[in-house]
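J.: Annotations per TrEMBL:
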{"type": "SIGNAL", "residues": "1-27", "note": "signal peptide"}
{"type": "DOMAIN", "residues": "76-132", "note": "domain 'Cadherin'"}
{"type": "DOMAIN", "residues": "133-236", "note": "domain 'Cadherin'"}
{"type": "DOMAIN", "residues": "237-336", "note": "domain 'Cadherin'"}
{"type": "DOMAIN", "residues": "337-441", "note": "domain 'Cadherin'"}
{"type": "DOMAIN", "residues": "442-555", "note": "domain 'Cadherin'"}
Ligand SMILES: *[C@@H]1O[C@H](CO)[C@@H](O)[C@H](O)[C@H]1NC(C)=O
Ligand SMILES: *[C@@H]1O[C@H](CO)[C@@H](O)[C@H](O)[C@H]1NC(C)=O
Ligand SMILES: *[C@@H]1O[C@H](CO)[C@@H](O)[C@H](O)[C@H]1NC(C)=O
Ligand SMILES: *[C@@H]1O[C@H](CO)[C@@H](O)[C@H](O)[C@H]1NC(C)=O
């Protein structure tokens with residue numbers, strides 16, 4: 001079970017040239033976690049640790065995001081607020097021999113947007129045994145070697161750390177040798193002189209044990225061949241060889257050449273070089289030429305994986321050390337991660353509304369990992385830097401769905417390496433409708449001419465109003481505004497089709513009684529609340545009969 005480590009700290013945005021206050025909050029929570037915990041094990045209660053009621057987690061869409069492109073190592077139980085192990089955490093695979101192994105994950109919350117950095121400090125457990133490079137350590141020894149003569153041995157390697165790494169060596173009981181061990185060397189000491197006539201080969205078992213619980217061990221056979229020829233151990237020209245190597249150096253690059261001199265002459269004086277104990281990983285990156293002592297690159301040197309190597313070399317029984325510092329090359333483009341995005345923003349969102357959180361990472365070092373982010377110019381959005389490598393995407397102006405309903409925003413991240421590398425990401429945002437436009441009639445006012453004695457139900461004219469809003473917010477419904485003409489309700493004169501705006505006569509008109517009248521037609525949208533406007537429709541009744549003034553009151557003639 002993990003236990004909570006460091007306290008929760010709030011971090012404040014410190015970039016001077018953006019003055020907009022940010023609503024989102026950022027923080028840091030740390031936990032100490034032993035490696036290799038079972039999936040589902042509880043690391044801690046993150047809801048409690050960030051001061052949030054667990055029942056709010058679902059509403060706030062709480063989720064754990066892996067930092068960068070690494071795996072998601074933990075997850076959150078939305079009902080309890082527990083942070084649980086989601087993926088195997090192998091300290092050796094993640095951090096090698098590094099003393100501190102920290103996995104960064106992020107807890108993203110919405111409404112309002114919030115990012116909490118989760119730091120998992122991975123603790124070593126004793127899951128690796130000490131291992132010798134070879135199964136057999138071969139040593140050749142002069143018969144004449146004196147009591148007390150010392151012979152350096154390869155040390156065992158244990159991927160674990162501290163107490164879990166190699167603590168002790170023991171040598172199988174034998175007639176000739178003892179073991180001396182100090183913090184740097186393991187040596188075989190001749191305790192009783194050799195006698196080639198008695199035996200020309202001696203085999204003893206060397207065991208390395210670590211200090212973990214349970215304890216683990218590894219063994220190697222020391223195979224001593226007793227020679228009668230004189231032999232001297234070679235001595236390296238330098239105790240430590242130092243080299244600096246740019247990452248991505250091509251295969252076969254010579255890193256450094258070790259050289260050792262042997263006091264012997266002829267065949268016995270020929271020096272052969274080899275690595276003493278190197279890890280499996282280092283063995284895949286560097287080779288040593290047995291004859292020349294040249295150390296060459298045989299794999300991909302990645303500063304981001306490993307920036308420092310310490311190799312033990314040997315020439316027969318002489319031991320030396322090579323230190324290689326890897327220098328960074330700007331070989332990683334920044335990577336952009338969208339931590340949160342509101343895909344649909346209402347058009348009445350006030351300027352400064354946060355719509356997304358962007359995280360940028362660059363695996364390189366120093367200047368090569370300094371990254372600037374920008375978006376294109378002609379959009380009402382900008383990026384506001386927040387803690388370290390976080391940016392908020394906020395609106396800068398009023399949005400109008402009726403003018404621009406969708407935005408394709410391209411975010412570009414560029415590092416400060418030379419040459420700089422950049423990458424970009426596009427995000428799609430759409431503007432959601434708000435009922436902010438009333439229907440508008442196509443004409444300022446309408447005039448209709450109706451010939452008297454018309455059929456009731458015949459159409460008189462039609463009105464049209466337009467509303468650019470979306471769906472029901474832009475759906476127009478027509479109606480007559482209540483009113484009277486000569487004391488009679490307008491509805492007994494005209495009617496309007498609510499959907500089409502076509503106006504119909506309800507009765508037959510008589511020019512001699514009514515020559516003109518006005519009604520008001522309202523266009524109302526279906527929004528909530530609805531918006532409306534009205535227009536005046538003037539109706540003129542035309543006389544279809546003409547009384548020719550010829551004495552006869554009843555002479556009726558058609559004009560037309
Ligand atoms: C989440 O927590 C609840 C309440 O503690 C528990 O019943 C449930 O089993 C947990 N779910 C998982 C997947 O761990
Ligand atoms: C958005 O813009 C980018 C860059 O201009 C383009 O590659 C992408 O296809 C666009 N996406 C959409 C959905 O228009
Ligand atoms: C209409 O506008 C209201 C706000 O006035 C909004 O809540 C609603 O979603 C809009 N309807 C549509 C279909 O866009
Ligand atoms: C009709 O429109 C006028 C002018 O736009 C407005 O002042 C009036 O209130 C409207 N009447 C109704 C009943 O909507």
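Counting begins at 1 with the first residue displayed.
Cβ coordinates come from backbone N, Cα and C, glycine included.
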J.: For the domain 'Cadherin' (76-132), which partner among 237-336, 337-441, 442-555 gives the most CB pairs under 8 Å?
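T.: Ranking 237-336, 337-441, 442-555 by Cβ pairs under 8 Å to the domain 'Cadherin' (76-132) puts 337-441 first.
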J.: Could you tell me the mean pLDDT over the domain 'Cadherin' (133-236), as a whole number?
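T.: The average pLDDT of the model in the domain 'Cadherin' (133-236) works out to 87.
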J.: Please count the residues of the domain 'Cadherin' (442-555) that DSSP assigns to helix (H, G, I), strand (E, B) and coil.
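T.: The composition, in the requested order, is 7 helix, 53 strand, 54 coil.
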J.: Looking only at the domain 'Cadherin' (337-441), what are its DSSP counts of helix, strand and coil residues?
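T.: Secondary-structure breakdown of the domain 'Cadherin' (337-441): 4 helix, 55 strand, 46 coil.
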J.: Summarise the domain 'Cadherin' (76-132) by DSSP state, stating how many residues are helix, strand and coil.
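T.: The counts are 5 helix, 24 strand, 28 coil.
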J.: Which numbers of helix, strand and coil residues does DSSP report for the domain 'Cadherin' (133-236)?
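T.: Counting residues by DSSP class gives 3 helix, 50 strand, 51 coil.
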